[in-house]
Structures are given as C-alpha cells and as structure tokens.
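Accompanying notes for the structure given below.
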Amino acid sequence: MTAQVKPSARVDVELGERSYPILIGNGLIAGAPQFLAETLPGTRFAIVADEAVRAYAEQLEAGLAGAGLLLGPTVYVPSGEASKSFASLERVTAALLDLGVERDHAVVALGGGVIGDLAGFAAATLKRGVRVVQVPTTLLAQVDSSVGGKTGIDTQHGKNLVGAFHQPSLVLIDLDTLKTLPPREFRAGYAEVAKYGALGDSVFFRWLEDNAAAIFELDTYPLTDAVETSVRMKAEIVSRDEKEAGDRALLNLGHTFGHAVEAWAGYSGDVLHGEAVALGMVLAARFSEAEGFCAHTVSRRLEDHLAEVGFATTFSELRQRLGRAPTLDELTGFMEQDKKVKDGKMNLVLLSGIGNAFVAKDVARDKIRAFLAAELER
Ligand SMILES: NC(=O)c1ccc[n+]([C@@H]2O[C@H](COP(=O)([O-])OP(=O)(O)OC[C@H]3O[C@@H](n4cnc5c(N)ncnc54)[C@H](O)[C@@H]3O)[C@@H](O)[C@H]2O)c1
Ligand SMILES: O=C(O)C(=O)C[C@@H](O)[C@H](O)[C@H](O)COP(=O)(O)O
Ligand SMILES: [Zn+2]
C-alpha cells in the first residue's frame, strides 16, 4: 500500500502526443507508484540511480516492488560528470538489458542532471527507444535538465556532443530530496534558476535578488516558487520549440563560454556545470556590453547577484580557486564544438537587458578572441 501524496503544482509540457506532466511537491517519491501507474498504466519500471541517492532509490524500489511495478534491482551509477561517458552508457545499457527491459517498459532516472542525461540517452537508444520518467534530485535537475528531453553524454571534444532528444513521459519533482544536497551543488543549480530571470523575466530576476538568501535556506515558499517559475518557463519554451530551431537556444545563455570552461576542466568536478554557466553568463553579459547591446548596469547587476551567492565570476577567481585557468586557445577550441555553430558561423546568446536575451548571429571570431584575451587578464 503506497501513501496518497498530492503534488503542490503541476506544469504541462505541450508537445502533442508527446506531452507530459511535471509534478512538483514534497514527499512525491512516496507517491511514485501511484503517479507512475496513472501516467503509464500497465508498464513496469527499471530504476537507474546515482549512488549518492541510494536512500531515495531504496524507497522508490520498495514502493514499485510493492505495487508489482518493478522490473528488478536498481542500476547504480557512480556520482559525477565523468559518468556522462560512452563507458557508463555501455554499462547502464548492458545492465538494463540484463534486467530484461522490453520496448513497453520504462526507465526511471533518479538523480541529478548526470543521471537524467545518461539514463535518458540510454532509454532513447535501447531497443530504439523506451520511455523514461525523470525523478530529479538536484536543484539543477529539477529546474532544468529533467524537462525538455535533451539527453546525452560528453566526449573529449566537448560537452553533450553525443545524444538525442527524448522527452520523458513524466517528471516527478520531490523537493524534499534537496534537503540532502550539498550546498555547493545547490548553488550550482541556482545558476540555472538565475538564468531564467536573466534570459526572459526581469520581474523574476528582481524577486530572486530579494529572495535568494531564503531560497538557499530551503525556505519552503520561495524554494517552491523558484522551482515552479523556472519549470514553467522551460516548459513554455520547449513546448514552442522542442528541437531548438529558434527560441530554445535562449536556454543556452552562458553555455557557449560555460561549456568551454567545463570541458577544459575535464569533467573532474573542479568546475560544476552550474558554476561554469554562472561564469559563462557573466561573460555573455560583459561581451554584450562590449558590443554595445546592453548598458554596464546590466552586466554589473548579473555579476553582482551571482557573486553575492558565491560564484566565481572572473577567470582570476577561477585561477585562485583551482590554481589554474584555461588559455585563450583552449577556450576558443572548445567553443568551436558548440551546437549553435551553423555553416561555420559562431552564434552567441547575448543580453540587451535583464530579462531580454537574443541570439546574435555570426559573431566575429576576432571580437570573441579579443574579448576573452582581456577577460583572461582581468
Ligand atoms: N538535459 C538538459 O537539458 C540539461 C540541463 C542542464 C544541465 N544538464 C546537465 O546536467 C549535469 C549537471 O547536473 P547536476 O548539477 O544535477 O549534477 P549531478 O547529476 O552530478 O549531481 C550533483 C551531485 O549531487 C549528488 N546528488 C544528487 N542528488 C542528491 C541529493 N538529493 N542528495 C545528495 N546528493 C545528491 C550527485 O551524486 C552529484 O555528486 C551536467 O552534465 C549538465 O550538462 C542537462
Ligand atoms: O534545455 C536546453 O535547451 C538547454 O540548453 C538547457 C541547458 O541548461 C543545458 O545545460 C543543456 O544540456 C545544454 O544543451 P546543449 O545543447 O548546449 O548541449
Ligand atoms: Zn545548463
């Protein structure tokens, strides 16, 4: 018998026959058997989980087993970005095949963005596609990676270079899981929350400036609100532009610079995705200012807010924290692999104001190099 649990909010991603609900609330893992059975009736589930969330995995496993919905023991994946690799994909795929996954079964991805991206990609390719349910347990995964269907792994050439669009059938956001998340990881997730304000909602950004301290304290009201507002914005953008033909690229604010920093750092945990995105957003804002697209007050405000919550916002701070920093050629080399490069032209998400991002097409490489050279000296 599973507990009756009610979500406090529901957001829908509208994609025709691939539409799905995102349920947000406290204690939702306890209600997972009910939500899964309602969303995918008659299906059985295989769990892929981060080793660090074993307690939640055991709870989920027991609930699904009790309801007769479990395929077999949880497939555990080592924590950290290094697991978004071909080797992990092979291991997870083999383990799912060992469990006897069939086309009509579904994979449950339980963990942060690493597990969501990896297990989501395994599901996308296994038997040419089985369904996936995302149960995100980091702030980053709750506000961003569990929604929208981008799945994939990293390669030596750069971030997320092998993957597929594979929308989940359900996203189950249990805010209680954030209680065990290390503070550094919580902050990394906050970068993507701030991103939504910066790219498309100045009122939300202002609210974040006023409420960040309470959000970091896991105060129920502002935390729930921050997650719900973020998810609503992402769901709305994805519903409009599932495969990034247009507006979805705005969700990449800070990522062209950020992914380059992350790839340079080598997926070792020295620079977390959110930390790289925070620095990347400041660089995008400062480049926007240098190019005359926005006033100094815009980049200053973004930098001040991200610095206030503890992010490194300059390469010199990165150098101080890590004892090393990328070279200009390393950064620009990784930037060439960005998926927004089209016909060899570099496209960047820039800001004309807080809450106003746009895609700048065919940005001259010499301008980017000159800007980054100065930033590396700053
Ligand atoms: N698909 C997308 O749209 C999308 C969007 C944003 C980011 N991403 C990807 O997401 C990844 C980053 O995700 P992340 O920040 O969640 O990192 P992550 O998955 O590595 O999780 C962060 C850390 O927290 C631990 N952890 C997870 N949940 C926990 C919990 N509840 N309690 C205690 N520890 C917990 C993990 O073991 C890990 O050490 C990157 O690979 C990034 O590229 C994808
Ligand atoms: O969902 C999206 O679209 C995003 O760009 C969200 C990003 O936060 C996320 O990091 C995404 O994985 C980046 O995708 P990529 O296509 O630049 O690899
Ligand atoms: Zn991101």
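Even glycines carry a Cβ here, placed using N, Cα and C.
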Look at the Zn(2+) binding annotation in TrEMBL, where HIS255, HIS273 are given, and name the residue from GLU192, GLU336, GLU375 listed for that site too.
-> GLU192
Using Cα coordinates, what distance in whole Å links THR180 (NAD(+) binding site) and HIS273 (Zn(2+) binding site)?
-> 19
Ordered by sequence, the long-range same-chain Cβ contacts of GLY113 (NAD(+) binding site) under 8 Å (at least 6 apart) are PRO136, THR138, LEU140, ALA141, ASP144, SER145, SER146, HIS273
The domain '3-dehydroquinate synthase N-terminal' (75-187): DSSP-derived helix, strand, coil residue counts | 50 helix, 34 strand, 29 coil
For the domain '3-dehydroquinate synthase C-terminal' (189-341), would you mind checking the mean pLDDT of the predicted model?
-> 97
Counting across all protein chains shown, how many other Cβ atoms sit within 10 Å of the Cβ of THR138 (NAD(+) binding site)?
-> 28
Neighbour count check, CB within 10 A, over binding-site residues SER79, THR177, THR180; minimum at THR180
Considering only the binding-site residues ALA82, THR138, THR180, which possess a Cβ situated under 6 angstroms from at least one atom of ligand 2?
-> none
